[in-house]
Every structure is written in C-alpha cells, then in structure tokens.
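Noted in TrEMBL for the protein shown:
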BINDING   140, 141, 142, 143, 144, 145, 146, 147  ATP binding site
DOMAIN    9-38  domain 'MIP18 family-like'
Ligand SMILES: Nc1ncnc2c1ncn2[C@@H]1O[C@H](COP(=O)(O)OP(=O)(O)O)[C@@H](O)[C@H]1O
Ligand SMILES: [Mg+2]
C-alpha cells in the first residue's frame, strides 16, 4: 500500500462519516458499520502520483466492507446508494466502488447498543446545542383536552415537516396510543426500544406495553422514574420537536421534566370557565419552583360554531386570565397562543385513532382546526 491509496482510503472514510443511517440518525462510520476500505490501482501499477504522466486521472478499485446492524436490513439499499455517491464524488481520481454487505456479529451489535445507551444515559435531551424544541403540555385538571391538543399538535408539526416525537407522560391516564391508533409494541433492539411511528410521529407510552414489560418500565420506586426510562431507554435520535403529555395537576412529573429536560417549555391548556383556569394557573406556577419557562397558554373548547355564529358554551376569558396571572407571577410575557373551537369531530376522529387535524391520507387539513393548529404550531416555534 502506498501513501496515495492510503490517502484515498482516508478521504473515503471521511466522506462516509457524512453518510447517516436513516433509522439511528448517526453516521455509518460512527456506528462501526464500515469494517474496511481498500483501494488498489486499477491498472496494477505503482502509484507514486495520483495523476499519470499524461495528466489523466488514475483509476482505483475501492472495496468497502459494510456491516449492517441487522441482516437483510431494509435500509441496505439506501446506505449502499449513499456510499456509491460518496465514492463517485471523489475529485482527484476515478474510483470504482465494490461494496460488500454483511451484518454485524452479535457481540459487535451488543457493544454498539451499549454505546448508544450509555450516550443516551449521559445526555438525553440536555446536551449543549441540542436543536430539539421541547414542549410539555400541562393542565390544572383532566378533561380539558390536554391529550387531544398534544396529539393534534404533534400531528401538525409532523405534517409541517418537523421530525416530531411525543412522550405520553400521563402514566396513569395514558391516551396517546388510542389517539394515534397504535396497537403495536415498540421494537426492542437488545434492550433499547424503538419508538412506534404513527401518523408521522415517533411515540412512546406506557400503554404500549403489556404485562411484564409494563412492570419493567415501572421498576423504579417512584413513578417519575418512567420518564427517565422513556428518555434513556428509547432511541429518539435528535427530533426537531418533542411533546410531552403531562398528567393533570401541579404534580411531580412537571418537576421531573424540569430536571431531566432543562430546555422544556411548559404550555398550559385550559378551558374558558374559571373552575378550569384557576387550577391551570397553579399548574403554571410550578415554574416558580423549578427552572422551566412557561411558553404560553392554549384555551380549548373556546367556542362552538352554530349556523355561522360562535357560541361561547363554556363561558369566556379563561385563557386570558391564565395568561395575565402567569405573566404577573412569572415576570415575563406568557401569551394566550390559541383559542381552539369545540369540535365534535375532534373527539370522534380521535377515538377512531387519527388526529383530527389530518385527512385520512395524513395531510394537514387546511380548514377549521387544521388551520388553528397550524397557527399554534408556527407560533410555538417562533
Ligand atoms: N376541542 C375539542 N372539541 C371537542 N371535543 C374535545 C375537544 N378537546 C377535547 N375534546 C374531548 O374531550 C375529552 C377530554 O379530552 P382529553 O384530550 O382526553 O383531555 P385531558 O387529556 O385534558 O384529560 C375527550 O373526549 C376529547 O375527545
Ligand atoms: Mg389526557
């Protein structure tokens, strides 16, 4: 091997470090999927210089051994194409790629998963410079539509092109599997769980686990441990948006969220009537105890459209009151970000397993609540 073939091998390796495994969201070199790169001059001659005497670029055969995480991995073709592209774009010589695909040994895969898990344990969503926006959806009491807002907002973000994840952090009252029509269990890759994707959203919920598996998730003495487990044991990659559907109340979960996810921003959901808005204020005041920002307030079931008229069935002013009181108490602007209509379809479609903002084909509805949720999503990201 000469300096020049080594130079080509290093350059190819460098290029492959930019080929990302679409499922794990990490480069194929990082994941140890490139077992070997071997360049040899195609004409068999020695190669002291990269261009031959006549100024023509020299030709090399480059053999790349790729080890996939699982045999017959459906991503094999995508990865192979990307490697071909990386080799073809090498500027200083003509390279002919030969790609040999095998799969990792059991031990190597176990090591890789252990590495990925160790990394997640150290810094799930709290490493510096993480791009993920995290919104924790809270409410003072149940039944105000917190889960419906979470589900429809998540579906909206995904339909708008954001890589979106959602955690059902309402451990006793989980509802996201039903709202997304999920009936499958997360895939378990040597102890690391892959979230279930539904309507474009990566989801995890205690409700996806049955029997023994659910007991494992609850192995900690405190229920809040399940949040840490959802963060540490689930492979999330680095989504653009992460939503958490919190349990109602001023509970411990909000404090756990603030500790585990210092970037999380609280969004308080209320209905218009005082009985809901008074406790909603208290759920937002958790931000006085822990370093967590309250991003804003969403008023749900604000009005019902009847014969072109907006009827205020549950009264008025709840969202505005929560916004004013939290702004006063916290010393910064906590805006009222949306007033969402009461729409029977939202309940009906939700029960059928599709977030109501989506059409049956999975596109974002351009009318009614589709438009309202889009405006809310855009406002949250600003
Ligand atoms: N804007 C809305 N229009 C019509 N029904 C709604 C609306 N928001 C929520 N619901 C319904 O109200 C009930 C409670 O909503 P849910 O999202 O489960 O509340 P929470 O998570 O706060 O307990 C559900 O049956 C849901 O379908
Ligand atoms: Mg709920």
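Every residue, even glycine, has its Cβ placed from backbone N, Cα and C.
Residues from the binding-site residues list (140, 141, 142, 145, 146) with a C-beta closer than 6 Å to any atom of ligand 1: 142, 145, 146. The average per-residue pLDDT of the prediction over the domain 'MIP18 family-like' (9-38) is 82, rounded to a whole number. With a threshold of 8 Å between CB atoms, the same-chain residues lying at least 6 positions outside the domain 'MIP18 family-like' (9-38) that come near it are 62-69, 75, 78-79, 82-83, 86-87, 89-90, 95, 102, 104, 108, 112, 116, 194, 235, 237-238.
The 6 Å Cβ screen around ligand 2 retains 147 from the binding-site residues 143, 144, 145, 147, ordered by sequence position.
With respect to Cβ neighbours within 10 Å, the binding-site residues 140, 142 differ, and 142 shows the lowest count. Sequence-distant neighbours of residue 146 (ATP binding site) (same chain, 6+ apart, CB under 8 A from its CB) are 137, 138, 139, 170, 245, 246, 248, 269. The local packing around residue 145 (ATP binding site), expressed as other Cβ atoms within 10 Å of its Cβ over all shown chains, amounts to 24. Apart from the site residues 140, 141, 142, 143, 144, 145, 146, 147, the chain places the Cβ of 139, 248, 269, 271, 276 no farther than 8 Å from the centroid of the site's Cβ atoms, the recorded ATP location.
Using a 10 Å Cβ-Cβ cutoff, residue 147 (ATP binding site) registers 25 neighbours. In the structure shown, the C-beta of 141 has more C-beta neighbours within 10 angstroms than that of any other entry among the binding-site residues 141, 143.
Cβ environment of residue 144 (ATP binding site): 248, 269, 270, 271, 276, 280, 300, 301 lie under 8 Å away, each six or more residues apart in the same chain. For the domain 'MIP18 family-like' (9-38), the number of residues in each DSSP class (helix H, G, I; strand E, B; coil) is 8 helix, 9 strand, 13 coil.
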